[in-house]
Amino acid sequence: MSATTAQIVRYSSLGFILLALALIIAFGQIPAVISLAILPFIGLYFYLLFRYPIIGVYTCLLFSFIANGLSRYIPGPLGLTIDLFLVLTLIATFFKRFDNKNWQEFQNPLVWVALFWVLYCVFEIFNPEVVSYEAWAYAVRSPAFYMLFTLLLGLIYFKDIKEAERLVHLWFAFSVLAALYSFKQFYFGLDAAEKEWLLHNASTHLLFGNLRVFSFYSDAAQFGAAMAHTALAAVILALGKQSFRRRFFYILTAAVCLYAMSLSGTRGALFILLTGGMVYLILCKNYKVLIPGMLILGCAFFLLKFTYVGHSNYQIQRMRSAFNLSDPSFQVRINNQIKLQEYLESRPFGGGIGSAGYWGLRFSPDTFLAKTPVDSWYVKLWAETGVIGITLYLLITLFILIFLAVRLWTFQHSPQRQLLLALFAGLAGITVANYGNQVLGQMPTSLLFYLSIAIIYTLTSASSGKRHLLQ
């Protein structure tokens with residue numbers, strides 16, 4: 001017996017509301033008597049979670065969109081709620097399938113390479129350069145455990161096209177809400193909590209008097225990348241064979257998210273669109289789409305790179321600077337990478353996970369790696385895991401992309417192929433955009449990235465194809 005879309009939305013929302021109330025109670029905002037009143041509902045949610053463990057996946061998805069935004073209003077490590085629900089969902093899955101001796105979902109190359117990478121990250125704790133073990137415990141979640149846990153859950157629960165479509169539609173719905181909220185920020189201003197947050201981030205979010213909107217995401221860079229990711233997938237789905245209602249929903253989603261992306265001022269988001277678009281045009285194997293599509297992408301690149309069309313608009317100016325190699329911020333990044341190269345020459349395993357970026361500043365602020373900005377996801381991994389770690393990570397990433405691309409190239413079940421192409425184009429775009437920003441290090445992109453890998457694998461498997469033909 002499986003849960004319906006309405007049940008999943010209802011029960012996932014219940015989990016969110018209950019946890020929000022629990023946090024408010026924990027910080028003494030409402031009386032203890034109310035905490036006793038909600039205990040039965042908490043019990044109900046856990047009962048439903050262990051009966052329908054997939055509810056935990058969707059609860060994680062919901063929190064991945066709003067946890068960063070809530071942290072501006074509610075103190076405490078709200079990001080850990082995603083970890084909590086991931087672990088609870090894995091436990092619920094184990095008990096649900098305890099008597100099932102068939103775990104074939106995990107017998108594939110994707111799980112093996114993910115396990116290998118997790119082991120490398122775990123052994124990084126023995127790196128002699130590690131300054132803070134607490135920093136390692138916090139920082140290792142994003143590059144390692146989120147990858148493994150999400151992949152495992154995706155392989156179990158997304159084995160048919162209907163479940164994959166449900167996930168994508170909820171993703172699009174949350175993204176549209178995020179985009180609409182960013183319009184509120186841009187046209188009507190920020191609330192008190194957001195203004196307080198902006199005071200500490202004005203150097204990157206208030207440029208020449210122009211606000212870079214961030215909605216309820218961690219920052220503008222992550223928001224812009226997420227909007228580009230959503231818009232790319234929505235456009236590709238709209239190009240497929242769809243009902244009028246679905247095509248309208250996809251086009252609306254793409255338009256709203258593209259505009260929100262421009263308001264974020266995230267230059268790296270353009271590379272998600274360009275890379276993902278080119279990958280889709282190649283894999284779709286349709287010359288009627290390939291040739292005009294390449295012309296459109298080429299014209300867009302030409303207009304941004306070699307002309308000043310629309311230069312009076314600040315958002316267009318900001319996007320155009322992404323193709324300017326002499327841009328001051330780009331040169332600063334290059335200089336920082338040169339410093340890191342000199343520092344890491346004698347440290348093949350890096351400075352230890354958690355030594356750079358946010359966690360480095362929090363737990364070891366006086367160290368070289370903490371003081372040196374690492375804007376790129378790849379540069380961050382390079383600094384923390386060394387040349388050996390980043391080489392291993394890039395090889396694993398390339399293996400996954402090539403492995404999935406080959407499966408997609410030979411997969412001919414057209415009703416679901418368009419969805420898989422949309423997901424794969426997103427993977428390719430994010431992989432490239434990771435060089436400019438730490439896109440994969442933040443939610444919801446991280447969760448959607450690894451779920452996309454799992455969905456593409458399961459729906460291109462032989463058993464999935466047979467199920468589709470029988471329907």
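Yeah, the Cβs are placed from backbone N, Cα and C, and that goes for glycine too.
According to TrEMBL, the feature transmembrane segment maps to 15-48, 55-74, 80-98, 110-126, 138-158, 170-190, 220-239, 251-283, 289-310, 381-406, 418-435, 447-465. Taken from TrEMBL, the feature domain 'O-antigen ligase-related' covers 253-394.
Note: the stretches the transmembrane segment (170-190) and the transmembrane segment (138-158) are not in contact (fewer than 3 CB pairs below 8 A, sequence gap of 6 or more). Secondary structure of the domain 'O-antigen ligase-related' (253-394) per DSSP, as helix, strand and coil residue counts: 103 helix, 0 strand, 39 coil.
By number of Cβ pairs under 8 Å, the transmembrane segment (251-283) is matched best by 418-435 from the list 55-74, 80-98, 110-126, 418-435.
Within its own chain, the transmembrane segment (418-435) is flanked in space by residues 161, 164-165, 168, 225, 228-229, 232-234, 236-237, 239-241, 268-269, 271-277, 279-280, 283-284, 376-379, 397, 401, 404-405, 408, 411, 445, 448-449, 452-453, 455-456, 459-460, which lie at least six positions past its ends and keep a Cβ under 8 Å from the stretch. Taking Cβ pairs closer than 8 Å, the transmembrane segment (138-158) reaches residues 53-54, 56-57, 83, 86-87, 89-90, 93, 97, 105-106, 108, 110-111, 114-115, 117-118, 121-122, 124, 164, 167, 353-354, 357, 359, 363, 381, 384, 393, 440-442, 446-447, 450-451, 453-455, 457-459 in its own chain, all 6 or more past its ends.
When Cβ-Cβ distances below 8 Å are used as the criterion, the transmembrane segment (110-126) is approached by residues 133, 136, 140, 143-145, 147-148, 151-152, 155, 349-350, 352-353, 384-385, 389, 392-393, 396, 399-400, 403, 453-454, 457 of the same chain, each at least six residues removed from its ends.
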